[in-house]
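Undergrad: Relevant sequence annotations retrieved from TrEMBL are reproduced here:
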| type | residues | note |
| --- | --- | --- |
| DOMAIN | 86-230 | domain 'Flavodoxin-like' |
| BINDING | 92-97, 144-147, 179-188, D214 | FMN binding site |
| DOMAIN | 285-527 | domain 'FAD-binding FR-type' |
| BINDING | R304, T541, S602, R603, K608, V609, Y610, V611, Q612, D645 | NADP(+) binding site |
| BINDING | R460, Y461, Y462, S463, C478, A479, V480, G494, V495, A496, T497, W683 | FAD binding site |
Amino acid sequence: VLSLPWLQPVLTSPEGPDVAPVEEEPLFTNLDIFLFSLIVGLLVYWFLSRKKSEETIPEFKRLTPVVTPQRETSFIEKMKKTNRNMVVFYGSQTGTAEEFCGRLAKDAQRYGMRGMSADPEEYDMSELPRLAEIDNSLAVFCMATYGEGDPTDNAQDFYDWMQENGEDLKGVNFAVFGLGNKTYEHFNAMGKYTDKRLEELGGKRIYDLGMGDDDGNLEEDFVSWKEQFWPAVCEHFGVEATGDDTSIRQYELVVPTDINMNKVYTGEMGRLKSFETQKPPFDAKNPYLATVAVNRQLNQAGDRHLMHLELDISGSKIRYDSGDHVAVYPVNDVSIVNRIGQILDADLDTVISLNNLDEESNKKHPFPCPTTYRTALTHYLDITNPPRTNVLFELAQYATDPKDQDTLRKMASASPEGKGLYQSWVLDAQRNILAVLEDMPSLHPTIDHLCELLPRLQARYYSIASSGKVYPTMVSICAVVVEFQTSTGRTFKGVATNWLKNKVVVTDNGHKATVPMYVRKSQFRLPFKASNPVVMIGPGTGIAPFMGFLQERGWMKEQGKDVGETILYFGCRRRNEDFLYQQELEEFEKAGVLTQLNVAFSRDQEGKVYVQHLLKKNKEHLWKLIHTDNAHIYICGDARNMARDVQNTFYDIAEEVGGLTHTQAVAYIKKLMTKGRYSLDVWS
């Protein structure tokens, strides 16, 4: 059983080394017998001890498992337990729908209802039919549309449930407010679908679908809708508005006495100390601190600053594809933070916690707590964009001048005069919360209430300007710094772009600059077959994803793949000013990766020339590529004007070269979109 090769000579040799031969040679010498006995003894000992160890299994004290309380996934049980009869669900990508949802839930008690806001991702939405079990109950949905008419990430499961299930919603009362943007092809698709589908399943609509347009004035659309929505609720349920317009606090201020600074948030999005000990996977609640490897200005001249940044993601296990987006978490301007503290006579380094007065709420704090006012205003709250009307309404109570109080309340109302005043004084003038406080000296709110009211500072998304196959450890960003003068004489600075602009590669103290980021997947993808031709249209920073596409097409070519025609239509102001990535593009062209480089310099001649004019020039070739060669079209950039003008140009090409009627041309391009051959990555 036991193989011991080193014993073989001893066991098999007939002689010991010093044994003299005798006439009658014994079979074993004394040494042999001694060694043999020793081995047998060792074998017996090993066998018995092994058997003993197998038989005597040591007893371990059983640990009683710690049972963590299960998260409540039944919104029906929660509503019953907390005596609620109205639930407001939100499908939110940037936080606006969530904010609207919170406002409706908070307003409910003014109109004889008891509301709660809810994330559909956190609850079992198949329980929706059970809402009929609660008397006088109502479900409201604030649904944003994302991408190409898609649901937001947190509403995807609910959308799938609506599509796949035919459950009876008889007895379920509902209302929907959609958030969209008219410049996009699928305006308010998610709001429209939710409203239509809930009715098809037997639900009862108690008020018309509201459609907010972010290209216009989303805040005004929402205020106008809810101004009519609440009377409809009162009428349907036979309840009366309380008429109480006093401010309702959602959170209470707690100033801890014994502070352990290791338990205080300093800018983390989720887990405490997550920026000190980084653990994958990295996502919206756990961003990766990428070091800035490159930060250079792209344009040679002009009054704008266009920049190229490279973020090092080596060691993060983050993977990305060409066309994906990188989300970065910016930090507010320190001077604005300090000035707010100064105006409000606040010690910004006070450690505080804002705790939800509704103990049953899943949202315990408006932002990570405990933290300091300084951290909240720097990392967590949006202090740069104009405040919404609900913030002005709640702040009005702190104005000591009755005229200021009246003005703030008027701007928060749905009256035509109030809407006009809000549009001109707040939106058109780009007054942020600091400007409001400066221009209304009698307004002196408590800093904790202001922190409760301000919306969360959101991540900013950029199309990645590199290929994950060519640069797996680097993510590139191409962006224009937002900075302009407002009508009040102030300088408006975009939060993220100005923050990124100042991210020097190595700081004065020798540390590498870092950016909290994560990657969001996109449907903006190169064709599966490399041989398919691609037509890329991207003026200005819209060129970003196409730098990744070109890198990838070049890589495919090097692999020996048959790569189809690769055509770029790029637009900028002047050749000597902002011809972004000129050297790289000309090298791609020289290497045959870029088969056609068409650049529209809009201001280098008397008449403006844009990408759509160059498309028209090449209409026959473009139609052949689309209609015969199965080409894929990609458009990236401004949604309001460029994307619309380019689409109209393709309609014209289909009519002029393809011989289609206008109706047929529109249907033809729509069919390309459905097939994934006409893709948009646009913003307004």
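Note: Cβ is positioned from N, Cα and C throughout, glycine not excepted.
TrEMBL: automatically predicted annotations, no manual curation.
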Undergrad: Out of Y462, C478, T497, the binding-site residues in the record, which is closest to Y610 (NADP(+) binding site) when you go by Cα distance?
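TA: Nearest by Cα distance to Y610 (NADP(+) binding site): C478.
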Undergrad: In sequence order, what residues of the same chain, 6+ apart, have a Cβ less than 8 Å from the Cβ of G147 (FMN binding site)?
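TA: Result: S522, Q523.
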Undergrad: What number of additional C-beta atoms lies within 10 angstroms of the C-beta atom of K608 (NADP(+) binding site)?
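TA: That number is 12.
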Undergrad: Of the binding-site residues S92, A144, F187, V480, T497, which one has its Cα closest to the Cα of K608 (NADP(+) binding site)?
TA: V480
Undergrad: Taking 10 A as the limit, how many CB atoms besides its own sit near the CB of Y462 (FAD binding site)?
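TA: Summing over all protein chains shown, Y462 (FAD binding site) has 23 other Cβ atoms within 10 Å.
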Undergrad: Measuring Cα to Cα, how far is Y462 (FAD binding site) from R304 (NADP(+) binding site) in Å?
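TA: Counting only the Cα atoms, the answer is 18 Å.
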Undergrad: Quiz question: given the binding-site residues A144, C478, V480, V495, which has the greatest number of C-beta atoms lying within 10 angstroms of its own C-beta?
TA: A144
Undergrad: Could you give the maximum C-alpha to C-alpha distance in Å for the residues R304, T541, S602, R603, K608, V609, Y610, V611, Q612, D645 that bind NADP(+) per the record?
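TA: Largest pairwise Cα separation, rounded: 24 Å.
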Undergrad: A 10 Å Cβ contact count, applied to the binding-site residues S92, T497, S602, Q612: which residue has the minimum?
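TA: So among S92, T497, S602, Q612, the binding-site residues given, the one with the fewest Cβ atoms within 10 Å is S602.
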Undergrad: Using DSSP, how many residues in the domain 'Flavodoxin-like' (86-230) fall into helix, strand and coil?
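TA: Secondary-structure breakdown of the domain 'Flavodoxin-like' (86-230): 65 helix, 35 strand, 45 coil.
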Undergrad: For R304 (NADP(+) binding site), which of the listed binding-site residues (G95, R460, V480, V495) have their CA atom within 10 A of its CA?
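TA: Those close enough are V480.
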Undergrad: Which is it, of Y184, Y610: the one of these binding-site residues whose Cβ has the most other Cβ atoms within 10 Å?
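TA: Sorting the candidates by Cβ neighbours within 10 Å, the top entry is Y184.
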Undergrad: Do any residues at least six apart in sequence from G95 (FMN binding site), in the same chain, have a Cβ closer than 8 Å to its Cβ, and if so which, in order?
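TA: G95 (FMN binding site) has long-range Cβ partners P455, R456, Q458.
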Undergrad: Find, for the listed binding-site residues R304, R460, the residue with the lowest Cβ contact count at a 10 Å cut-off, counting only other Cβ atoms.
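TA: Sparsest of the binding-site residues R304, R460 by Cβ contacts within 10 Å: R304.
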Undergrad: If you skip the near sequence neighbours and keep only those at least six away, which residues in the chain come within under 8 angstroms of F187 (FMN binding site), Cβ to Cβ?
TA: T145, G180, N181, M211, D213
